[in-house]
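A.B. asks: Shown below is the structure under consideration.
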Amino acid sequence: MQFRLFSFALIILNCMDYSHCQGNRWRRSKRASYVSNPICKGCLSCSKDNGCSRCQQKLFFFLRREGMRQYGECLHSCPSGYYGHRAPDMNRCARCRIENCDSCFSKDFCTKCKVGFYLHRGRCFDECPDGFAPLEETMECVEGCEVGHWSEWGTCSRNNRTCGFKWGLETRTRQIVKKPVKDTILCPTIAESRRCKMTMRHCPGGKRTPKAKEKRNKKKKRKLIERAQEQHSVFLATDRANQ
């Protein structure tokens, strides 16, 4: 009788060990299937169809979309256009909300802009704001060359003279207040000139040079010829009308 009871106990123990081993084998095979699937890399829980649903502590959960399909991934760093947002329950990749931003530090602070845009104080611009210049090496807006206000227009002159000519040039200038941070950044023009009419064409008490007299005489002669031709044309027209 005792032998029968002992045999029965051995059978029960063997069955329990077998069930335990089978359960461990199933869990090991399930874990192995996670590891073998590239989608499940770094996951705490994963499925073949939906990918990761929970990530390991230091990784970021990213929901990747491919056409109509979407699946979860666990990444060490977030892809372009996203930033890593850490939270007690699970770290996630959140989308950058800044226009034309390629990578960002937070939802409202960009660290790198898309191609063709310049970074300035966490935002992206196609042209740098006033007072800043584009630095092509880093695609950032840096402090440019700062200049002061324009001066008043100077005296109209020509050949260092303020009389003796009909037309001259007048100039105005401005000063560089702050030099740019890079020598490659050019400053805007600090002097400009424009054509002006002299207030005194003839210098007081001055004598005209022979060249100036000759030029004036030629001009008078040309006007007299033009006037004579005009009068002759009128005379011919009147004569024809009378005939």
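Backbone N, Cα and C atoms are what each Cβ position is placed from, and that goes for glycine too.
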A.B. asks: Just choose from Cys128, Cys156 the cysteine that Swiss-Prot connects to Cys141 via a disulfide.
C.D. replies: Cys128
A.B. asks: Across the whole of the domain 'TSP type-1' (144-204), what does the mean pLDDT come to? Round it, please.
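C.D. replies: Averaging the confidence scores along the domain 'TSP type-1' (144-204) gives 86.
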A.B. asks: Filter the recorded positions Cys43, Cys52, Cys156, Asn160, Cys163 down to the ones within 10 angstroms of Cys74 (disulfide bond), Cα to Cα, kept in sequence order.
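C.D. replies: Neighbours among recorded positions, in sequence order: Cys43, Cys52.
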